[in-house]
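Working notes, beginning with the structure itself.
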């Protein structure tokens, strides 16, 4: 007969030490003896954690599972294997298609009731399914409820921002500790942490009154030993903390000055999670043995101690068999009581005296040496809690103040709960600041987002996540040099990070930095060949080298690794656009916007295809769709102006360019297009003014000198026209020669650039 608990404990021990093959082996032995939901769940968990969701799916789907944890794990496996319909069926119980906006709230309440403390994670998982199945209103509701239950689920907040849900998620309301109904729903209980979960102390607000009504000794026991009825979902017995290694911090209570001396008695001074100053921290010392000792501050002097001993003359300090030798070394020893939950507390009757004093009885003068105790000892039975504790000694010394202390003293339970709330509030405050900045970035208010990210505490600002967000913001603004700067800092601080490295490679591509892009591609392939970002970087590297067919293969590889990655489809569409494979290109862009309706670059790509096909109305429509998403993009506005100019709407085109240049006064493409329209309308001085400013912004752009030569030709300045044509030829010998011949030829007064934009 095999008992489950020791085997389960051994399996979790292997999992916690990443010995997955051993865990699987033991779990299989357990399943052979006990064919239950718990054993099946444990075996599937072993496979899933070892990176084998397919095996975990096969195990769970082949059994008639009942428990909610098995259903949740099965749904997780289905999502990883792209079996979204089956995952929804597992979570919703065959009613997923019947859920509407009106019945969504009742369904969510059912999920909360069924899954308990795991409800937030179940809602987050089903919201992912609903996002993918284009049921945005249901997915948004599930995300909001998941955040209400557990505000630490950042992915749910990020989904709400990225999907552009209206009304906008409000970080100031989401990341608030006073909204939490139950700490366990967001903090959980982990028996493998070196402390007892707060839930095992019964520290809810309802239990504080009961705690206050108990005796001081019972309070310490309740804080030290979890309830024997508590259990762990895996079936392992509750974890009993080793109080010799306790790490909890207790603030000095009000009223009577009872201090708790602990190893970590000082609050960490961090600008991110809030500072918790401990009162009179200078008077707190660190217990060398790492044990928690309660010291009444009113007795921290030798005189009071001897007076207290004389009052208790009828009670011996040590037993006859106690350790009375080596009395000079007692300063470094502790009195322990085996099998007692209070063994870590030093009794008041066992006061430790300095080297120049001994212990005695029935002596009023503290100056005489103490004799050895002769009276009968008070035996303490093993496993029993002594009636007289430190708290009892405090009240015994001042019996008149006993009632006052019980009224005024803040209980340890309240202190622990307050500390937990303070720590939670510190983290939520940080999440609020990051959430506000991320919300602005998702709305493409890039300048404001950059300011908010840069205002974060220094320790958080220097993290890869924050720096990559700033790099992304600059990339969205087409400020590729600044984007490269911040992404390079990300690689310096966190060389293991692969998130958003595809944007880093795009910035390098725009700046024509072949060496840096090649180095990044090598680093990424060495880091993780199973990341879609890696193959996007490699594809951009070959695209910059004009090896478009090779780049297409690597972008296809990125899609193969992660079929749900919109940016990979957009990059592949751009390559097809360059190679004139327009049908394939538009298919890629359409897949990208299906995965992410707010992927404005794909809408922009579809518009570029229609513009290339001279279907200007459709091009303008798709460009404006992209502009509604990223309303601050001067590049999109510029292309809208080009299309409007092609449809013989120069006034609208100039108005659009004026708005774009208001956002980015030195945007080179917008200024070039405005100069071209001025030239077409015959406003030659205005065109020359724009072109002279362009020469300062992009001094090595051949098209600027070519258009300047055309304007001078119209003005009759032949020598200036030839000078600018020669300059354009020097900068781009192959691209400008034919255009220059057409411009010089008097039979052809229109340049192809006027039509192409």
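Note: Cβ is positioned from N, Cα and C throughout, glycine not excepted.
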Subject >> Given ranges 279-310, 311-342, 343-374, 375-406, the stretch to which TrEMBL attaches the annotation region 'Disordered' >> reply: 311-342
**OP:** Using DSSP, break the repeat 'TPR' (702-735) down into helix, strand and coil residues and give each count.
**Re:** 31 helix, 0 strand, 3 coil
**OP:** Report, as numbers and ranges, which residues of the same chain sit near the repeat 'TPR' (600-633): CB under 8 Å and 6 or more residues beyond its ends.
**Re:** 164, 444-446, 476-478, 566-567, 569-570, 573-574, 577, 582, 585-586, 588-590, 592-593, 639-640, 642-644, 646-647, 663
Subject >> Mean of the pLDDT scores, which run from 0 to 100, over the repeat 'TPR' (532-565) >> reply: 96
Original post:
Could you count the residues of the repeat 'TPR' (532-565) that DSSP puts in helix, in strand and in coil?
Top reply: 27 helix, 0 strand, 7 coil
Subject >> Residues of the repeat 'TPR' (600-633) by DSSP state, where helix covers H, G and I >> reply: 27 helix, 0 strand, 7 coil
